[in-house]
Amino acid sequence: MRDFGKIIVGIREKKPLVYNITNLVVINISANALLSIGASPIMSFEKQEAADLVKISSALLINMGTPTQDTIETMIIAAKAANKIGIPIIFDPVGVGASSFRNDIANKILSEAKVDILKANASEVANLSGLKVQTKGVESCETIENITDITKNLAKELGCIVCTTGKTDVISDGNEVYLCENGHEALTKITGSGCMLGSIMGATAGVCGKDYLIAALCACLIMGISGEIAASKTNMLGSFQVEFFNALSIFEPETFNSARYKKL
Ligand SMILES: Nc1ncnc2c1ncn2[C@@H]1O[C@H](COP(=O)(O)OP(=O)(O)O)[C@@H](O)[C@H]1O
Ligand SMILES: Cc1ncsc1CCOP(=O)(O)O
């Protein structure tokens, strides 16, 4: 089962600090997702402390879900500091394609910083790839053909790992491609599933050495399997969220026995 078990144990042992500059909708659930898996969260928007926070963190998560001029500046400062000391950056371009403001922000971040993992839903990945795909705010709303090739090509173009989420998650470094089939539809009915996945990717990337392809795949498996476990306990969406956190908190190396993924 590759090194997934080692990653989950590593998170519990190291308790990696994940510095989240994320959106206002998910700030609490993302912090709780990290705590549930055994990592440590810090959430901050203030540029004056960005460089100091990077110094003590194992990974940086940048999520542009509720962008403001100020937070974007903080993201750029933090990202440059992260590049300097070599901690991984996970970038979630939430809602790119919905407004030209968001498109400009995503392009600015990608041109001014070296992102290690770009994690986005299919509409966002398609838009970043230059396809004019209809987007419904922050949700993916079209089935995009050839998403595997689009993901691989974007990874090659950006020189980073790209993880496209959906019923099947596609993860590529531009050469290798993994497909992760774990997950549950209930994950699409609560806000913040994709955002929590980005934060969890911060935890996996923070303990995986430099193998960010496996870190991204591992986070997708953790998310998908935990979603499946939660859905097996309840069909109520409120309880689903509680069960999802419960599943994260008792996730063990053996839990990866339910992993459904393949390498193309
Ligand atoms: N139809 C689906 N069935 C099962 N799991 C899904 C489905 N759609 C998305 N997921 C899972 O939900 C999580 C969030 O993905 P997604 O909804 O694409 O992101 P976002 O919330 O950013 O739009 C991922 O772990 C993904 O695998
Ligand atoms: C609803 C909403 N609006 C701005 S950010 C956000 C949360 C999006 O979270 P996710 O893309 O993970 O569902």
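Every residue, even glycine, has its Cβ placed from backbone N, Cα and C.
Annotations in TrEMBL come from automatic prediction, not curation.
The secondary structure of Gly192 (substrate binding site), as reduced to three states from DSSP, is coil rather than helix or strand. Residues or ranges marked as substrate binding site by TrEMBL: Met43, Gly192.
Around Lys119 (ATP binding site), a 10 Å sphere centred on its CB holds 32 further CB atoms from the protein chains shown. The ATP binding site annotation in TrEMBL covers Lys119, Thr165.
The transmembrane segment annotation in TrEMBL covers 21-43.
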Nearest-integer angstrom distance between the alpha carbons (Cα) of Met43 (substrate binding site) and Lys119 (ATP binding site): 19
Spatial neighbours of the transmembrane segment (21-43) far in sequence, C-beta under 8 Å, 6+ residues away: 8, 11-12, 15, 50, 53, 57, 60-66, 71, 74-75, 78, 92, 94, 191-192, 195-196, 198-200, 202-203, 206, 222, 241, 245-246, 248-249, 251
Proximal but sequence-remote residues of the same chain as Gly192 (substrate binding site) (Cβ under 8 Å, at least 6 apart): Val25, Val26, Ile29, Ser30
Among Met43, Thr165, the one of these binding-site residues whose Cβ has the fewest neighbouring Cβ atoms within 10 Å: Met43
